[in-house]
C-alpha cells in the first residue's frame, strides 16, 4: 500500500478537557472510540472521542499517572503510577479489579498482551514484570536493563516481549507460556480472587487457542524464536531461564517500541532516529533519520508497509519501510506528543497533552503493488 506526499492532509483537531494537572500519557481503544489519559493529578480519565465528554474518572492511585493502556478487547484498562503500583480496571464500570504491587520505583510503561492474558510493566527499578491479568500474580521478572524500562510491546503472536530502556538498548524476551501455566496451576486460589482456578485456566487456554498459541507451539517456542542459549541440560532449568536478544545501535534513550503484524520490530529513540529490526536475529534492517527532536512514539500501518513516528520537534513523519524513504512530514500542534497510531479506517492519529490530531490517509493502489511490498518486507525479515 503506497502513499504519495500530496495524499496527506490535516483533517481534525480535538481537545479533551478535564485534568487538573499535566497530562503524562495517552492511549486509545483499538476502534478509536475512546481515549484514556493519565495525569499528574493522580487521575485516569476516559473520554468519548466523538462527544469529547469524560465518561469515566478513575481514582485510586496515590501518585502521578505515568502510563496507561487499553486491552485489545477493550474490556480492560491498565495504569501505572509514581506510587510504584499498577492497576487493572474494568472499562465498562470503572471498577478496579487488581492492584499490582512489587516494583520498587515508579512504573513508567505498561502494555497488555493480545487477548489480555498478560500485562507487563516497566519501571525505574530497571526491571519489567509480567503479570497474569486474571490471577493478579507475577509470572516473570525481567532483569538486565541498566536504567529505566521506558517502553513495552508484545508481538502479535504473544511469543515475544520487547522492552526499550534509557540504557539505549532494546531487549527481546522469549515468553514461555507453558512455564507460566504451571506457575498458575501451582498457586492456591486466593480469597480475593473472583473466579476459580479452573475457570482461569480455561480462560487462558481459550485465549491462547484464539491467538493460535497451542501447547505444541509453546513447547517449540524456543526453536521458533531462534534464541541463542546453549544451556539445555536440565528440563527445569530450561523452563526457568529467560532467553532474550539485546538490540544495540541507538545512542539515546529508547522511548517507544512496537511490533508489526508480520513480526518486524521498531524502536524510536531520543537519538532522533527510528530503527527497524529483525527481532529473531537482532539485525537492524533500516535506520530512519530525519527528526530534529526526540522520537517519542512509533506505529506500523495495518498492512505493515509504513511506519509513523512522532517527535517532540512537533512533526509526525510517515516512512515507506520498503524504500526507507520519508513519504511525508506532517507539522502538528500537539504539545509533548505521547502517542501515534494508524486507525483501521485510514488516519494517522498523534496525541499529546490530551490533544488529538488526525491526518487523512490516501486511497490504496492496486493489489499487485500491495503484494509486492509485502513480499519485499518478508524478504527483508528472512535475509541472513
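Any Cβ shown, glycine's included, is placed from N, Cα and C.
Any TrEMBL annotation is an automated prediction that lacks curation.
As annotated by TrEMBL, repeat 'WD' applies to 16-57 (among others). Each residue in the repeat 'WD' (16-57) has a pLDDT score, and their mean in this model is 87.
Proximity of distant same-chain residues to the repeat 'WD' (58-99), defined by a Cβ-Cβ separation under 8 Å and at least 6 residues beyond the stretch ends, is recorded for 21, 24-31, 36-46, 105-112, 114-116, 119, 121, 123, 131, 133, 136. Per TrEMBL, repeat 'WD' is recorded for 58-99 (among others).
Long-range Cβ contacts of the repeat 'WD' (100-131) within its own chain (Cβ-Cβ under 8 Å, at least 6 residues beyond either end) map to 63, 66-73, 75-76, 78-88, 137-143, 145-154, 156-158, 161, 163, 165, 173, 175, 180, 204, 207-208, 210-211. Among the features that TrEMBL reports, repeat 'WD' is placed at 100-131 (among others).
Sequence annotations record features per position, and here TrEMBL assigns repeat 'WD' to 142-176 (among others). Per DSSP, the repeat 'WD' (142-176) is made up of 0 helix, 18 strand, 17 coil.
Positions annotated as region 'Disordered' by TrEMBL: 214-238.
Look at TrEMBL and you will find 221-238 tagged as compositional bias 'Basic and acidic residues'.
Summarising the annotation, TrEMBL assigns repeat 'WD' to 247-278 (among others). Counting residues 6+ beyond its ends, the repeat 'WD' (247-278) has Cβ neighbours under 8 Å at 147-148, 150-157, 160, 162-166, 168-172, 284-289, 291-300, 302-304, 307, 309, 311, 319, 321, 374, 377-378, 380-381 in the same chain.
If you look up TrEMBL, you'll see 288-329 (among others) marked as repeat 'WD'.
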